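As recorded in Swiss-Prot:
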- Gly162, Gly163, Ala164, Gly165, Val166, Gly167, Lys168, Thr169: ATP binding site (BINDING)
Amino acid sequence: MVAVKEATNVGKITQVIGPVIDAQFPSGKLPRIYNALKVQGRNSAGNEVAVTCEVQQLLGDNQVRAVAMSSTDGLVRGMDVVDTGAPISVPVGTGTLGRIFNVLGEPVDNKGPVPAGETFPIHRPAPKLVDLETKPQVFETGIKVIDLLTPYRQGGKIGLFGGAGVGKTVIMMELINNIAIQHGGVSVFGGVGERTREGNDLYNEMIESNVINADKPEESKIALVYGQMNEPPGARMRVGLTALTMAEYFRDVNKQDVLLFIDNIFRFVQAGSEVSALLGRMPSAVGYQPTLGTDVGDLQERITSTKEGSITSIQAVYVPADDLTDPAPATTFAHLDGTTVLSRGLAAKGIYPAVDPLDSTSTMLQPSIVGSEHYDTAREVQSTLQRYKELQDIIAILGLDELSEEDRLTVDRARKIERFLSQPFFVAEVFTGAPGKYVSLADTIKGFKAILAGELDDLPEQAFYLVGDIEEAKAKGAKLKEG
């Protein structure tokens, strides 16, 4: 959404280099950095051209260099460039819910214009230090494995690692559903440089699972902002900021708790790297932009808790060639409060959500924050699962009978814990037929303490699979014994 105030400040294109253009303006009328420019004119076929660009550099000699937010096909030297006098601004508020937008805040779902309302510029300062909520607070998700072993921080940033088909999208949708029902919050999804098909699938799955109400979009729980792989690097570089700006409105004006999903944070860095060389910057390590730390920091520092509300961010992280020392993921890790790692092995066993209880981490899992009961239970669960992992080779070669009585008990409890970490999801009801369960943190701790204490050693392990709290497991166990 780029409003042209008055066509008073008009320049001319002097050079087009792929997605980057140079434009010359009258003396004393140079646009500011980050101002939106609108290229107007007709291409060689006589068709109207309307391309929005963002000023990145002032070159001297009354020239600026700008990055295009859409294809520069058809642009030629001498075309008019209008300075809009302001940065790219996007619609915000409840009118954005249930809709799909591009980087400029224009709806791309063929459902007509967004109801007229407020707009915010995508470049905004991070909240002031005095406005921040510095007391660490756990963000309860209702998902047992996350709340117990990798608790999320309210206003924190979590990296979501996982390959294709292990359930990233389903976990995202469940979190969106739970924050809407339990916290009265909303979500914003930023699709940064991912496949168009995935964006389309996500939208359709959200309609199926009632996260989006196609008939009454205002009753939806999420706004979607897409800048896919086929978009120019300028759009992929800025679409994350568009999504973040929409989330900031819900936090600062509506005073809500917001979930911001960014899929994929690596593509944001990659787009910046593509543009950097065209802007004439000297590349740094592995060919990345020299401003890598600043680019990531500018985005991440705006994602935080204030005294009014919070933005909790879940960011899918692609690790190039599985190299965690690559500058892009390494820079991202510095900002994360926790990591949720999805395991293909668990998914193959049918244990969903397939969160790896030993690989996933959280800075919140400290006795001073979550309390000693939660901390001790989580650590005991992890040590039991770790011991089970160590014993698996012996079991595979010699069988269970060769284990000591104590180890056999550990294996038995670990298998129950593994199954109890699974849970039926609300958004998967239409596929599984099992009603979804939201499990409070207190019930989660109570359940795992009972398993660890040996109170449920007599129940079959199948009783713990895909249930909510421990009472449900007991009831299922009693039914299995009867049957």
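Note: Cβ is positioned from N, Cα and C throughout, glycine not excepted.
Known features from Swiss-Prot, placed on the structure.
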| residue | record | Cβ neighbours (10 Å) |
| --- | --- | --- |
| Gly162 | ATP binding site | 21 |
| Gly163 | ATP binding site | 11 |
| Ala164 | ATP binding site | 7 |
| Gly165 | ATP binding site | 11 |
| Val166 | ATP binding site | 23 |
| Gly167 | ATP binding site | 20 |
| Lys168 | ATP binding site | 21 |
| Thr169 | ATP binding site | 19 |
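Residues Gly162, Gly163, Ala164, Gly165, Val166, Gly167, Lys168, Thr169 make up the record's ATP site, and a Cβ search at 8 Å around their centroid adds Leu342, Ala347, Ala354 from the same chain. DSSP gives Lys168 (ATP binding site) a helix state.
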